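The structure appears right after this line, and notes come after that.
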Amino acid sequence: VFLSLQVFGTIVWILVASTQIPLALLQGWVMFVAVTAWFLSIVFLSVFLFGYANRIAVNWNQADFIFHGATFVFYFGAFLLQAATTSLHYLPRKFNSTTQETILSGREYNISIAASVCALCISI
């Protein structure tokens, strides 16, 4: 489970960072969730790989349940925000302009779809 969280979290992180981030408030939260969950899963995995789990008196089953429950809630929220950003593809970037430049270009729209799907895969 930790490795899939690492792989898909890294993909979400890269995909969101590769766009121009037109809606910083929404996609900023997506980046925060992706980076934080990625870092915490590295820490959690390191605790088990290096044998610190035997030295620390913690109920690791409960800690694992809480970690993955919180990760689910935050990544599902990040998926919803990323999907909301993707759905605004056809809105104009500037409302008082004569040019018809959209919020997301075609390339960024495709990247946002991929980031949304990967965030959904993590939360499932």
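Placement of Cβ uses the backbone N, Cα and C atoms for every residue, glycine included.
Here TrEMBL flags 1-124 as domain 'MARVEL'. Taken from TrEMBL, the feature transmembrane segment applies to 6-25, 32-53, 65-84.
Within the domain 'MARVEL' (1-124), the DSSP-based counts of helix, strand and coil residues read 92 helix, 2 strand, 30 coil.
Confidence annotation: the domain 'MARVEL' (1-124) carries a mean pLDDT of 83 in the model.
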